[in-house]
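For reference, the structure discussed in these notes is given below.
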Amino acid sequence: MTVLQEPVQAAIWQALNHYAYRDAVFLAERLYAEVHSEEALFLLATCYYRSGKAYKAYRLLKGHSCTTPQCKYLLAKCCVDLSKLAEGEQILSGGVFNKQKSHDDIVTEFGDSACFTLSLLGHVYCKTDRLAKGSECYQKSLSLNPFLWSPFESLCEIGEKPDPDQTFKLTSLQNFSSCLPNSCTTLVSNHSLSHRQPETVLTETPQDTIELNRLNLESSNSKYSLNTDSSVSYIDSAVISPDTVPLGTGTSILSKQVQNKPKTGRSLLGGPAALSPLTPSFGILPLETPSPGDGSYLQNYTNTSSVIDVPPTGAPSKKSVARIGQTGTKSVFSQSGNSREVTPILVAQTQSSGPQTSTTPQVLSPTITSPPNALPRRSSRLFTSDSSTTKENSKKLKMKFPPKIPNRKTKSKTNKGGITQPNINDSLEITKLDSSIISEGKISTITPQIQAFNLQKAAAEGLMSLLREMGKGYLALCSYNCKEAINILSHLPSHHYNTGWVLCQIGRAYFELSEYMQAERIFSEVRRIENYRVEGMEIYSTTLWHLQKDVALSVLSKDLTDMDKNSPEAWCAAGNCFSLQREHDIAIKFFQRAIQVDPNYAYAYTLLGHEFVLTEELDKALACFRNAIRVNPRHYNAWYGLGMIYYKQEKFSLAEMHFQKALDINPQSSVLLCHIGVVQHALKKSEKALDTLNKAIVIDPKNPLCKFHRASVLFANEKYKSALQELEELKQIVPKESLVYFLIGKVYKKLGQTHLALMNFSWAMDLDPKGANNQIKEAIDKRYLPDDEEPITQEEQIMGTDESQESSMTDADDTQLHAAESDEF
């Protein structure tokens, strides 16, 4: 028995769209066994890839010569997923053995898929440290399709500064049209018509969801060719032969359910359902909020307008359900194989859960207006193609109706109780068309086309405006202009602001500013509104680590690991949880697990490096930080970690170099400037160190670490009065920090005011008798202080000589304060 290719393809896509991957794979394998074509090969590989079997798709495509752009792109995608970057590059751009393809060559070869192809190629270039080429590919991809976000995101992450105003714009009609699907929905809104002429709203049948289970394929005594008449091979996906359209209850577009859909779900692109219709996101007023699973709201409008003339409800039509104007066309349910002049369209069923008011589908008859070179949608090729024709004498497909509707072999009639004149007047306006225009296959649709295009353009421009604002905020964040990023993102519309992605970026910005309380507040809101979000939670876990909130951190790590054990963010949170409990060995295992889950996750390498520093395994820590830099050269946290190790090893020149490298990436970090100042002071560059610390304090005037180090440098340079003034200001910021009082006591002793010195030494000892609860050390990073190491107590320091006091300040306090900031980043 010959397999019908098109129905099987539609069934496969339906299974894929309903996530029935096993069924899709099985059917695709059967189809490929029957028809060894490029299309069947691509469909089978797609099923493998979507079911998570990229290696199967790779081997399948690799074993066959891929000549179509779709197969090439999918094979390259599999190569990238399997870390075969060189092979993927050769497929997309030619590689070493073939001529290198230019961007124009790629656009010519891949057509509408060129924007995605260039984005994938840019990813390959960036992974192989060819950032300039990668940047060019990303920029070209955005110029072809400004609706893409990931290329812009990647440009920002590699250090480029794309202009959102120039990136997210519709430069031309061609640019706009290339981003639209081949088939769109039609919306004709003409309020100037009489109320007696209801408006017709046409929605296409959902793509690739033809209900094949309602088709009764009669194969006995008949043979079906794989294709039908080539004259209708380019029609829209909703235009299906009447013999093949499954009928069901509630399909009439004249039902009130079109207007009375339940208003559920978010509005366009994430707006809440309660959003006022007077404040649309993208420049147009939403006609109705889609129900969950209803994709018609995001579909564009076609350039054709199809209208019908409804017969009187009291006298059901004997020939058809709906007629075109006054012409005597053949019945839309005619069983003749010769009726090819007019191909009817079945309007998509409404998804309303309310009572059905119509039991007979309304069939519209549009003209074929798609261009000859337009590719039909997958669902439209159910029984249409251009390679062969259906025999006129072949038996037609028989409809299987729902149980409530008897299977009629005669022409369908309008149910008297299904449609009433008030229903028509309340819901739709119908325009009658001249029969001569219909017979010629032409419909005057200039006005509806203009209206539809204007609506499309307004919606697209609204989206571009939103992407521009979000792009500016993300660019500022990647440039570490955190305050600017917070300001931009905070001014987004409330329904976009209150989403997980936006709030995570704001929380990350607060984290980079060391405003951990604000960051914790933002991330907790993310957890409230999107408790399924994993991205960004590694920053949240580090924020909780800084705030010493062990209970909240434990709850977070438990929830994340239960939700997704294949997420590196979850294991990073678990590692931070045990690190806070000083269970460093367990924390190391969890960070290693995060790396095992995602070897390209730079932050896991950084956290693992900090844990190795705590266990004094500096060589392993160096290897971790270097791996983080290998994965992401702009990961300044790893450069900082290397600098800290070299500082601990008293390799101050190397430490300064690595700190400076981190500062080049994040020039707004007061903490990095502070560390550079400390290293410069260790290199006997005291004046330069003071200038650096002054810059750090300008960026963050209330940073206690910077002020403490500046006071220490002033004290070392014998500028006691200036040091004392600095410490008095610092005492107002951290009134319970014992080290501040201890340094004040040392200053007073140098000034000869012994009684004041003893008083401050006593206060320092009262605040921290064992020297183990210093806020500055803990807030910055107590991880660099081994568990069994206790700071020199104030009593020991008071009893020692001046030289021993200075040494203890430098070795015990100063070094720990500077060198212990790993999770500041």
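Each Cβ is built from the backbone N, Cα and C atoms, and glycine gets one as well.
Lifted from Swiss-Prot, the feature list:
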COMPBIAS  326-341  compositional bias 'Polar residues'
COMPBIAS  349-362  compositional bias 'Low complexity'
COMPBIAS  363-372  compositional bias 'Polar residues'
COMPBIAS  381-391  compositional bias 'Polar residues'
COMPBIAS  396-414  compositional bias 'Basic residues'
MOD_RES   Thr205  phosphothreonine
MOD_RES   Thr209  phosphothreonine
MOD_RES   Thr244  phosphothreonine
MOD_RES   Ser291  phosphoserine
MOD_RES   Thr313  phosphothreonine
MOD_RES   Ser339  phosphoserine
MOD_RES   Thr367  phosphothreonine
MOD_RES   Ser380  phosphoserine
MOD_RES   Ser427  phosphoserine
MOD_RES   Thr431  phosphothreonine
MOD_RES   Thr447  phosphothreonine
MOD_RES   Ser822  phosphoserine
REPEAT    533-563  repeat 'TPR 7'
REPEAT    601-631  repeat 'TPR 9'
REPEAT    737-768  repeat 'TPR 13'
Per DSSP, what is the residue tally for the repeat 'TPR 13' (737-768) in helix, strand and coil?
27 helix, 0 strand, 5 coil
Model confidence over the repeat 'TPR 9' (601-631), as mean pLDDT, sits at 94
Tell me the coarse DSSP state (helix, strand, coil) of Thr447 (phosphothreonine).
helix
Cβ neighbour count (10 Å, all chains) around Thr447 (phosphothreonine) is 12
DSSP tally for the repeat 'TPR 7' (533-563), helix/strand/coil in that order, comes to 24 helix, 0 strand, 7 coil
